[in-house]
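First comes the structure, then the notes that go with it.
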Amino acid sequence: MKILVAGGGGREHAICLALTKNANVELYSVMGKKNPGIAKIARESFIHAETDVPAVLAFAKEHNIQYAVVGPEAPLEAGLVDALTKAGIGCVGPVKAAARIETDKGFCRGLMNKYGIDGCPAYKLCNTPKEAAEFIREYPGDLAVKPTGLTGGKGVKVMGEQVDREGAVEYAMTLKDQVIILEERLLGEEFTLMAFVDGKHLVPMPLVQDHKRAFEGDVGPNTGGMGSYSLENHKFPFVTEDDYAKAISIMQATIDALAQEGSPYKGILYGQFMNTKTGPKVIEFNARFGDPEAMNVLSILTSDFLTIAEHIINGTLSANDVSFEEKATVCKYIVPMDYPDKPHAGDVITVGPAENTILYYANIALENGVLMTLTSRTMAYVGIGASLAEAEKYAEAACRNVSGNVRYRSDIGTEALFAKRIAHMKELRS
């Protein structure tokens with residue numbers, strides 16, 4: 001079975017490793033920069049922009065690709081799935097119209113409003129920076145300020161966190177030539193719920209919590225994600241059964257709404273939720289696996305990913321097709337020392353021994369047997385254990401054995417940070 005994976009990050013390395021557990025998979029890759037982990041296991045790699053739809057389509061046809069899995073959001077927005085599907089290649093990933101759930105935040109909020117879907121925060125769309133600035137100045141509370149398009153997870157500024165009111169105004173004024181969305185600031189604990197979706201049915205994956213801030217203690221600028229964790233029971237103590245059921249219901253209602261709009265959703269749906277005093281609210285939807293969250297869930301996937309992909313493509317997915325090991329995971333990203341502001345490329349890094357972990361390469365170069373940093377997140381270790389403490393211990397030990405001009409967040413997955421999350425939610429709801 002010839003499978004094409006589009007994308008070359010840590011998420012895509014995880015997708016490729018999960019697929020190739022099936023000996024019948026013949027893996028092909030298209031990626032903008034060569035990922036040495038993917039290149040090692042692929043039959044052939046096409047080093048080319050994944051958003052160049054005609055070129056990717058030609059590569060797929062040349063190699064008689066049967067199925068494709070699209071990792072990042074940019075090729076979804078470019079219409080890669082539409083082109084591959086038209087050519088008879090089954091895809092794990094939504095068509096462009098359905099991917100708007102991520103690529104156009106205004107569309108997402110409008111869809112939730114139109115169909116009365118729960119969990120939508122109060123929001124306002126502004127067509128000019130001036131309009132946004134005026135609203136920010138007049139609004140009595142705190143707001144999240146974001147462009148409606150793709151920002152790589154780094155486009156939001158939240159009043160009371162990264163900026164004050166004047167800082168929010170200044171940021172809004174920089175967002176020229178795009179629609180700006182202003183949303184009420186949500187207070188609570190974030191969690192990620194990803195699901196496999198076949199157009200009608202969803203099958204959830206373990207809950208994951210990501211850590212966007214660059215530095216320990218959840219401070220510093222937002223990043224693409226410095227690491228994440230999941231628990232052995234696949235839930236969180238700060239997400240009640242009612243909260244969880246509501247989050248599932250919100251995602252199912254969103255899938256139903258997209259089908260009603262004439263754009264059935266097939267692929268991975270990622271719900272980023274803020275669990276507030278009154279229950280989960282949707283921060284955003286993504287139209288693909290999270291990065292790093294994909295590495296947590298795919299590291300403990302026990303069912304065959306190729307079979308899941310076939311059921312997604314054929315519209316025959318059921319809960320019986322998906323199973324995960326009852327293990328905890330902790331993912332810690334190794335990044336260039338000055339990431340995300342001024343990361344330096346070309347620094348040599350060495351990797352030491354690691355136990356009970358999986359290493360996923362991301363934005364990294366391998367030249368003459370030497371690993372070197374590039375300008376984004378370098379690589380990630382996922383520790384796997386019977387408990388969060390055990391998984392964190394393995395991930396931490398592996399990261400400590402990496403040397404070079406790099407850093408990581410040692411607090412991700414620790415008992416102290418986890419206890420802080422639980423206490424915060426308890427205080428919020430007391």
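Including glycine, each Cβ sits where the backbone N, Cα and C put it.
The annotation domain 'ATP-grasp' is assigned in Swiss-Prot to 109-314.
Annotation comment: Swiss-Prot describes 136-192 as ATP binding site, evidence class sequence analysis. Taking the Cβ of E184 (ATP binding site) as reference, residues of its chain lying under 8 Å away and at least six apart in sequence are, in sequence order, P121, A122, Y123, G141, D142, L143, A144. A strand conformation is recorded for E184 (ATP binding site) in the three-state DSSP classification.
Here Q272 (Mn(2+) 1 binding site) comes close to E190, T192, D210, V282, I283, E284, F285, N286, G290: these same-chain residues lie at least six apart in sequence, with C-beta atoms under 8 angstroms from its C-beta. Q272 (Mn(2+) 1 binding site) carries a strand DSSP state (E or B). Annotation source Swiss-Prot lists Mn(2+) 1 binding site at Q272, E284.
Marked as Mg(2+) 1 binding site by Swiss-Prot: Q272, E284. Following the DSSP three-state reduction, the secondary structure of E284 (Mn(2+) 1 binding site) is strand. Counting every protein chain shown, 17 other Cβ atoms lie within 10 Å of the Cβ of E284 (Mn(2+) 1 binding site).
Feature annotation from Swiss-Prot assigns Mg(2+) 2 binding site to E284, N286; the stated evidence is sequence analysis.
The feature Mn(2+) 2 binding site is assigned by Swiss-Prot to E284, N286.
Every protein chain considered, the tally of other Cβ atoms within 10 Å of the Cβ of I136 (ATP binding site) stands at 26. The secondary structure of G160 (ATP binding site), as reduced to three states from DSSP, is coil rather than helix or strand.
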